Amino acid sequence: MLHDTIAAVATPPGEGGIGIIRISGPDALKIAGQVFRPVGEKDWRAGPGFRMYYGHAVDPGTGETVDEVLVSVMRAPKSYTREDVVEINGHGGVLPLQRILKIVLDCGARLAGPGEFTRRAFLNGRLDLVQAEAVLDVIRARTGSSLQVALGQLRGGLSERIGAMREALLQVLAEIEASIDFPEEEDVPETRLEALAGQLAALEAGCVELLEGAEAGRVYRDGLGVAIVGKPNVGKSSLLNALLREKRAIVTDVPGTTRDVIEETVNIRGLPVRLLDTAGLRETADTVERLGVARTRDAVAGADMVLVVLDAASGLEDEDRRVLALARGKPLVVLINKVDLAPAGIDPDAVRALVDGPVLMAAIIEGRGLNELEETIAGLVLGGRVTGHHTVLISNVRHQHALEQAGRYLEEARSALVSGMPLEMAVIDIRNALDSLGDITGETAGEDLLDRIFSHFCIGK
């Protein structure tokens, strides 16, 4: 338990139906008692937790009523932080909330830092670090599938997997260290070393299995950046509007209408996809259009995937080939548009000979080909993987790097065992693997890492 009491506004700024001041710490009830005047509940602080009390927030210095409020009490350890927690629920205006917060701080609370309530939940053992990070992922989830991935981590799915791996690794370590400390009693036969190496190989395979879903998990968490590119007037903005199901971008018959990158997020088969509608790629003397073309090149460089749109009505031109060359090296989907105007205008096999990626046919204005396009994008990311209630996916780059590091240490430890190297070498690698896995769940995380993680939270969480 930490020794001071913290407070902050726990609801978003601005006007709303309800605004909440959250107080957590050993003096939460004492401080709230100086601010809150209940109606008909004289001993509310001595009552049971998980109850709400009606009354008024007042300034104890002047006796002035600040707001009409409901106060909820959650007693330690059955609270979010495992400390005494009081929440003052008032009206959601900026002024009353700030006045109540100032009074609470004047009565002895300290203003909470970013994520400090969740940090206390971690330090007090209610959450591990994976679950603490998942709290932020739940808040930021943009699709139902993204939410399910975050909730799976919040429920402890990944933590259980990592915990089981660490426990198995600790057992291997204990056996090897016993043979080092007591060589006359615990001399490890070669067959046993092979068995221990097999256990390390199984744990290494567990790391690989989790890492196989890392790219899909990252997309669920951070979104997939898809740059829509092509020469002018091939239907890029029409495609953006069709995928958004709204007229977001201006569409005309005049080439070069789009001068800048337009970014919008859409839900494609559960994936949050950031669509980047770009300026048409062509040689031009127009200064503004040239700036737009430069930004298009930057968008392609920064995108996770490139969607090249071709115009069947104009055939496959040199400009199209230059666009395809620009997208080389990126995950790529080619969409041959306007097949309603020229069904045989572009031979898809000729395009397939130029690119490494799916080539689809579409008539965007008529809505043809959109379902196949969405399925293709999702398929490239998920690779047939189905997410559900019990899916465990690595969605955090920090977790991914730690797992990769743990896998390398496990491989080195296994190699040390089977090659006859001193057992102390294997012990060093096993301990390093344990530290890498512990960084994920927080057992071995240092203050610098915690500061970096919780700095991304809002102050009231």
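A Cβ is built for glycine as well, from the same backbone N, Cα and C atoms used for every other residue.
Not measured: the values here are computed from a predicted model.
What Swiss-Prot annotates here:
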- Arg22, Glu87, Arg126, Lys461: (6S)-5-formyl-5,6,7,8-tetrahydrofolate binding site (BINDING)
- 233-238, 252-258, 277-280: GTP binding site (BINDING)
- Ser237, Thr258: Mg(2+) binding site (BINDING)
- 223-382: domain 'TrmE-type G' (DOMAIN)
Cβ-based isolation winner (fewest other Cβ atoms within 10 Å) among the binding-site residues Asn233, Ser237: Asn233
By a simple count, how many Cβ atoms lie within 10 Å of the Cβ of Lys461 ((6S)-5-formyl-5,6,7,8-tetrahydrofolate binding site), its own Cβ left out? 20
My understanding is the cutoff is Cβ-Cβ under 8 Å with a sequence separation of 6 or more in the same chain; which residues meet that for Arg126 ((6S)-5-formyl-5,6,7,8-tetrahydrofolate binding site)? Pro77, Tyr80, Thr81, Arg82
Most Cβ neighbours within 10 Å: which of the binding-site residues Arg22, Lys236 is it? Lys236
Determine, to the nearest whole angstrom, how far the Cα atom of Lys461 ((6S)-5-formyl-5,6,7,8-tetrahydrofolate binding site) is from the Cα atom of Ser237 (Mg(2+) binding site). 39
Excluding its own, the Cβ atoms lying within 10 Å of the Cβ of Glu87 ((6S)-5-formyl-5,6,7,8-tetrahydrofolate binding site) add up to 21
Rounded to the nearest Å - Cα separation of Lys236 (GTP binding site) and Arg22 ((6S)-5-formyl-5,6,7,8-tetrahydrofolate binding site): 48
Could you tell me the mean pLDDT over the domain 'TrmE-type G' (223-382), as a whole number? 82
